[in-house]
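Beneath this line is the structure, given in structure tokens, with notes to follow.
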Amino acid sequence: MAPYPSNQTPDVSNQAPQPFEDLDAKHETSYIDMPLTPKASLPARAKSPALSRFAVQSVHLRECFAEFLGTFVMILFGMGVNNQVTNSQDANGTWLSINMCWGIGVLIGVYCTEGISGAHLNTAVTLAHCVYGRLPWWKAPGYMLSQLLGAFCGAFVIYVMQYQNLNVIDPNRETTQSSFATYPSDNISNYTAFYTEVVGTGMLLLGIYAITDQRNRPAGPVGAPFAFCLLIMALGMCIGMNTGYAINPARDFGPRIFTSIAGWGSKVFTTRDHYFWIPIVGPLLGGVIGAGLYELLVEMHHPPQVLPLVSSAVFENIEMPTPSMEHCPPTTGFDFYESACLRDSHGYANMLATPKATDLIPVLSEKRTGLYRFAVQSVHLRECFAEFLGTYVMIVFGMGVNNQVTNSENANGTWLSINICWGIGVMIGVYCSEGISGANLNTAVTLAHCVYGRLPWWKAPGYMISQVLAAFCGAFTIWVMQWQNLNAIDPNRETTQSSFATYPAAGISNYTAFYTELIGTGMLVLSIYAITDKKNRPAGKYGNAFAFALTIMALGMAFGMNTGYAVNPARDFGPRLFTFCAGWGSKVFTTRNYYFWIPIVADSMGGVCGAGLYRILVEIHHPQTPLP
């Protein structure tokens, strides 16, 4: 796009708003075209007259400025809460405070930068974007140096603020370096620390790619910063125990350099067999792996897309076909985007006003090169991949927080942390899969959908097997991460099986446990049907994931005491099967009079009952009007 003449203001009154994640929606100054926001290409009179003379013309330099500021702000919040909790000896904060404040720091950092540079704030994100073609390689050095410098300066600002407190509690600078850079726990080897950083950063990048995937079900321009915020909170809750969750080379290395200069000396690099390289290499590797996992299981299988450079005039005379309603129940009131009957031929949610690849001549389709040549053509197989990935992500977050709270004896989390982290894990799992498979992530949900005609019965086995297999793999991922901690607190594998599968509390009979699971799962599926009911007051395509997250949090707060709230047969049976294989033995099935069947049968029944209750009291009474 050519710059506007200096004496002419562009008429943007009739231009449609541009999606905020789309790189092609930026004009030549690399800014997102937001309404009422003066752009660098506008006439000088549209800018601040006092400062316009100093406006930087280099697009890349502006991006670097934004990355510096966003990282600086993030570090200010993060280093601030680290020091406050440590220096006050938990009087002015707890581990949960650290998790929440880091998340909010990322939120504010994203607001500072996302419309300009994309809000990387993390060298692992920058590297992954370069590897997968989302950022030119020549921009990487500028981004990374800006992030590193922003982290260094942020650490300096907090050091000055905490200088007197540090002099009181650590005058010789022997113990407080961990308030700035990260270090492993005492019983954790460097191998486990490396694995933890790889997995943590992998989950971070996988979450970022899912949240911003325009062809799945993204968080939207308003929801994305909040989704990133919650993602960071959950990572601290589920993987922070071993290493302090650096998951960002700049966040760790910049403050580490500062502490070496500010009095802590060379030990910040030599401690624990020169540990310093692990928060650099581990996150860089993990970011590429996590982003690649999302590309491999979801993104590369998206149907071919219309080339963005094609003029919109091409589509003016194309009549978009209406999805067939021939086999749909006439009274359905559920989410238009969830209905298998209302999806296009590729099995994806048929977004309104979005041209489908099948509506265009082949020359307009994107060219499939590289790994995209191996894209799966089977709609059902793509749905199974999405269910696997979404359930896997959910289980990694959930099993992670269960183990962290138990193995740290509540030092690195509480019951509230478990409730919150499970909810956020479900949210990220939904972002991974909702636009493709409907984000069931739960065999009870799949069964209810089949019973009430929202999913064909023949798809149920594929969905359910994918969910159970993913839960098994997620439990394995966390078991490796927590292996040394488990050996320390339960070497004979007698007591820690409840960090993976669910068991009733002491004093709770199997009858009460069955009833609890029945009610809990009923409330879950009833809530899902209400949240997605297009004829009631749905959460909307951008609000679903947040509503599901809050539902899971509330279920733990309300019904978790008796049974640990499985409310999902796959979430319980997959990890239970894993613990049987991993050393806990047959007692995981025989304990409490063969309790294992209750989270399977009760949850399956509860889901059908909860969905049926909503349909009987609300859905079947909707007026017989067509969906918009």
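Every residue number used here counts from 1 along the chain in the order it is shown.
Cβ from N, Cα, C; glycine included.
Per TrEMBL, these features apply:
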type	residues	note
TRANSMEM	64-81	transmembrane segment
TRANSMEM	93-112	transmembrane segment
TRANSMEM	142-161	transmembrane segment
TRANSMEM	193-212	transmembrane segment
TRANSMEM	224-247	transmembrane segment
TRANSMEM	275-297	transmembrane segment
TRANSMEM	462-481	transmembrane segment
TRANSMEM	513-532	transmembrane segment
TRANSMEM	544-567	transmembrane segment
TRANSMEM	594-614	transmembrane segment
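Only sequence-distant pairs (6 or more apart) were considered; of these, at least three Cβ pairs between the transmembrane segment (513-532) and the transmembrane segment (594-614) are under 8 A, so the stretches are in contact. The recorded stretches the transmembrane segment (462-481) and the transmembrane segment (193-212) share 3+ CB pairs below 8 A when only pairs 6 or more apart in sequence are counted, and are therefore in contact. When Cβ-Cβ distances under 8 Å to the transmembrane segment (142-161) are tallied for each of 64-81, 193-212, 224-247, 275-297, 594-614, the top count falls to 64-81.
Here the transmembrane segment (275-297) has Cβ contacts under 8 Å with residues 122-125, 127-128, 131-132, 181-184, 190, 193-206, 208-210, 213, 243, 246-249, 252-253, 256, 268-269, 371, 385-386, 388-389, 432 of the same chain, all six or more residues outside its ends. Distant neighbours of the transmembrane segment (64-81): 56, 93, 97-98, 101-102, 104-106, 108-110, 112-113, 116-117, 119-121, 142-143, 145-147, 149-151, 153-155, 157-158, 161, 179-180, 250-251, 254-255; these residues of the same chain sit at least 6 beyond its ends, with a Cβ under 8 Å from one of its Cβ atoms. Sequence-remote contacts of a segment are chain residues at least 6 beyond its ends whose Cβ falls under 8 Å from one of its Cβ atoms, and for the transmembrane segment (93-112) they are 66, 69-71, 73-78, 80-82, 84-85, 119, 121, 224-226, 228-234, 236-237, 240, 411-414, 416-417.
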